[in-house]
Amino acid sequence: MTYNCSSAQLSIPSWYPGESAYGTKIDEKINCLLESKMDVTISAGRFAVSALFVLVTAVIFLQVEKFQHTPYMDEIFHVPQAHKYCAGNFTEWDPMITTPPGLYVMSVALIQPVSQLLQVEREDICTTHVLRMTNIFFAVMNFFVLDALYRRIHRDNRVSEGMLPSATAFNISIFPVLYFFSNLYYTDMGSTSFVLLAYLSSQYSNHFLAAIFGILSLLFRQTNIVWVVFLAGITFARLFERDAVKSQNQTKQMSKSYLSAVQAALNYALSVKNLRKIVTHLWLYALVVACFLAFVFINKGIVLGDKEHHQAVFNVPQLFYFFALTAGFAAPVLVSVEKVNRFLKTVKSNFGSWVIVMLMMVGAVHQFTYVHKYLLADNRHIPFYVWRKIYQQHWLMKYILVPGYAYAGWSMSDSLSVKSLLWKLTYVVCLIVACVPQKLLEFRYFILPFIVFRLNIPPLSRWQLLVEFVLFSAINGAMLYLFMMRPFKWEGHPGLQRFIW
């Protein structure tokens, strides 16, 4: 029997001696009361974690403002464009800006009620400092959405209750490549927020909201269309797998290999009786994709503004760079003696297959490595130093790293073993489409693929969470130190230059 832990239900007779005619029912009511107190403690803990995140984020933001209060890097384009929007000028556009105006529209939407409350003109408070606070808003939003999303994804696991999801959300929220930009006026925070909101809505089967948030995410970055397709893909996988459970033979067939899973999914999709169900769940995502394709046709490409330096290429090693970055940031999960031993055993038992895989990876590195001129010219970005200190040390380095890429990719797949083959295939396809066409090695392109991966692996132990927290905090601390305390000058350029992701 389930008890409602309310004061009325938990009223216990004063004469209760511990055992009575009520027997264990009263004991169960007492246990219910104790559990309710535990729930209050957990809620208080979640509040403490969220309050800590907000406090730390605000303190760091104020510190960064002291050292860099004027627009820096891409802000020299974003801030003036936002000023135009604050002034009501929505027609003038800087051709150097390659992303849609979602960031500026959101800033105006947040500033407008403040200007009315203070009874001042909107453009008077549309300063660089206030505009940057837009991303503080998104940073806090990300924490709460990640908490809710993690609980939903792992709802069948007991860890979805209690403090673990909040601690995990805290760690993911301070993922260094993303968290750094909560202090500047960039598009990354808002782009991530709306993709996560779309993901959360999709997990609750609210596909209308998911489509709306997907459209809003596209107003921050066009490449988010990949994650709209991802949501459609995993929604289809969820429908298919739910129905496939009813057929034991079909379940066995689709779990044998990726090819079997795809064949089973195609048979499911081509069945007339399933068509209405599929269309009902996916038509909104299809509509978003159709609108995006119309935009690409009208715009004659995905990129707004500076198209010349943002040409799509077949840069296969981008996938390998993502494996390496993920192995570094998710080292508490992906790198261990036990995993390395299992990887070596897997290679030994399937030696011929792994030789072919390695040779294909070497061929991809040799034939499809592209180096953008921005990567070699701008020494303010961390990828500049990664490329110079590692890849340019010797011509063989890009080939020597291939076994490391192979291990990282295998370890990621191993950590996602809890997901279905169809889910993993959807993720891999979207990962390839998101990364491979990019010519420039830019760690910010890896933010969403990393977060999706991190959300879907099995829950970490307390020690792993602690190590992850220390790792992320140390990297964030180092980056903020470099940005604030180690500026440098470019000859012939006014002002100080600072290190950035």
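From the backbone N, Cα and C atoms, a Cβ is placed for every residue, glycine too.
Unlike curated entries, TrEMBL annotations are predicted automatically.
Just so it is clear, the model here is predicted, and its values are computed rather than measured.
Noted in TrEMBL for the protein shown:
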- 47-64: transmembrane segment (TRANSMEM)
- 130-150: transmembrane segment (TRANSMEM)
- 162-182: transmembrane segment (TRANSMEM)
- 282-299: transmembrane segment (TRANSMEM)
- 319-337: transmembrane segment (TRANSMEM)
- 349-370: transmembrane segment (TRANSMEM)
- 390-410: transmembrane segment (TRANSMEM)
- 422-441: transmembrane segment (TRANSMEM)
- 461-483: transmembrane segment (TRANSMEM)
Top stretch by Cβ pairs under 8 Å to the transmembrane segment (390-410) (candidates 47-64, 130-150, 162-182, 319-337, 422-441) is 319-337
Count the Cβ pairs between the transmembrane segment (162-182) and the transmembrane segment (349-370) that lie under 8 angstroms and are 6 or more residues apart in sequence, then report whether there are at least 3. no
Ranking 47-64, 130-150, 319-337, 349-370, 461-483 by Cβ pairs under 8 Å to the transmembrane segment (422-441), which is first? 319-337
If I count Cβ-Cβ pairs under 8 A between the transmembrane segment (319-337) and each of 47-64, 282-299, 349-370, 461-483, which range comes out on top? 461-483
Please report, as numbers and ranges, the same-chain residues at least 6 past the borders of the transmembrane segment (461-483) whose CB is under 8 Å from any CB of it. 60, 63-64, 67-68, 164, 167-168, 170-171, 174-176, 179-180, 329-333, 382, 498-501
Same-chain residues near the transmembrane segment (47-64), Cβ under 8 Å, at least 6 residues beyond its ends: 132-133, 136, 139-140, 143-144, 147, 163, 166-167, 169-170, 173-174, 182-184, 480, 483-484
